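TrEMBL has this to say about the protein:
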| type | residues | note |
| --- | --- | --- |
| BINDING | Gly27, Arg30, Arg111, Asp154, Arg157, Arg160, Arg163 | ATP binding site |
| BINDING | Gly27, Arg30, Arg111, Asp154, Arg157, Arg160, Arg163 | CTP binding site |
| BINDING | Asp40, Asp42 | Mg(2+) binding site |
| DOMAIN | 22-141 | domain 'Poly A polymerase head' |
| DOMAIN | 169-228 | domain 'tRNA nucleotidyltransferase/poly(A) polymerase RNA and SrmB- binding' |
| DOMAIN | 261-387 | domain 'CCA-adding enzyme C-terminal' |
Amino acid sequence: MDKKFLDAMPVVLHLQSSGYDTYFVGGAVRDQLLGKEIWDIDIATAAKPDEVTELFDKVIPVGIDHGTVLVRYGGESYEVTTFRIDGEYNDFRHPEEVEYVSSIEEDLSRRDFTMNAIAMGKDGQIIDPYGGQEDIRAQKIKTVGSPDERFQEDPLRMMRAIRFVSQHGFELTDGTYSAFDQWKHLLSHIAIERIAVEFEKLFNGHELNKAWTLLVDSNLYAHLPILNESPQLMNSTKTIKWIPLNDLAEVITVFHILKPEISIDMWVKHWKLSNRIKRKSLTLVNAWDLWQNSKEKQCLYLLGEDHIAAFYRVLSTLNTHFDQDIKELFKAHHSLPIHSRKDLKVDGNDIKGWFPNEKPGPWIKRFMESVEELIINGELVNDSLEIKERVTSWNPHELN
């Protein structure tokens, strides 16, 4: 049993010894069976939320209306959810009401896919009423019960199915895939923030090409912002040899380069992305422009050490003939005479002081950028006297 299960075991044992059937559930159990790294541990129990709260010192009522509390134990947080079945899903995400039940088998009936509807007891015994282990062995993604019901309850499950294809390389069963056609329009009701989470995870998977082809062929993209307006682009992307991308900044960079009229700002607006993603993406786009214009040193300087790996992934995705090793990029970056503006032997105040009769303005920034470029390209030494000699020969009005 994985160490993460063992770390959470005292929580399970305390619930068990208090008279409540308790199991590990969800992705952690699935990944244990797959031999993959375990991430979050989820626990299902017969104890009601108020009963769980009484048993532990630190409990946070994160989703108490739906039977979920967060138990803090040993420096970790564990979601503990009461066995339940769900009522109607009027908002395509949360059931209007939940009914607490007494058995783990009933609880597992509300899960999305059979591989996620497996429970594990404290001694490692497996509870698998819906054939999840068999589907894992067959590498199949199959809904628990009717795919029509599961996708009507939460249409995001269609995106999750494709994400699981990317992560695990499994196949969708015919019934699961064919149900997409009837229910994919419901994706327009899903908050874009939730879709973005699945979209990013899809691009993290080692079977991204397989999953991406499914996304395009199933026409799910027709109900996703921006992508729905570019069917020709989407079909062309099936020929790309995708490599896993780390985050949405890298993803939208690739799409912007493929279709520049779809700006980064448009992506940020329609997908409600963070300023961090926007800043990183703009850096990658500007670096791409420099690279395409054979300005490798300036490109690496702009990227900085933090973004070289991201740029490498973008470059490798878009240029199948690119065969440079990533270590070479880091080595080239390391050999630059400066790595940021902080390394310069002068600053904006120095430049301003060399032109006492000039008013401060954009020319100072332009001068600084010119100094950086000259030093990066080996045309100027990073020495305050040499920089001063060069800069004082310039005319602020010509560069303004």
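Yeah, the Cβs are placed from backbone N, Cα and C, and that goes for glycine too.
Comparing Arg30 (ATP binding site) with Asp40 (Mg(2+) binding site), their Cα atoms are 12 Å apart once rounded. Within 10 Å of Asp40 (Mg(2+) binding site), counting C-alpha to C-alpha distances, fall the following of the binding-site residues Gly27, Arg111, Arg157, Arg160: Gly27. Closest in space to Asp42 (Mg(2+) binding site), of the binding-site residues given as Gly27, Arg111, Asp154, Arg157, is Gly27, taking the CA atom of each residue.
Confidence annotation: the domain 'CCA-adding enzyme C-terminal' (261-387) carries a mean pLDDT of 94 in the model. Highest Cβ count within 10 Å among the binding-site residues Asp40, Asp42, Asp154: Asp154. According to DSSP, the domain 'CCA-adding enzyme C-terminal' (261-387) comprises 87 helix, 0 strand, 40 coil. Of all Cβ atoms in the protein chains displayed, 19 besides its own lie within 10 Å of the Cβ of Arg157 (ATP binding site). Cβ neighbours of Arg111 (ATP binding site) (same chain, under 8 Å, six or more residues apart in sequence): Gly26, Ala117, Tyr130, Val144.
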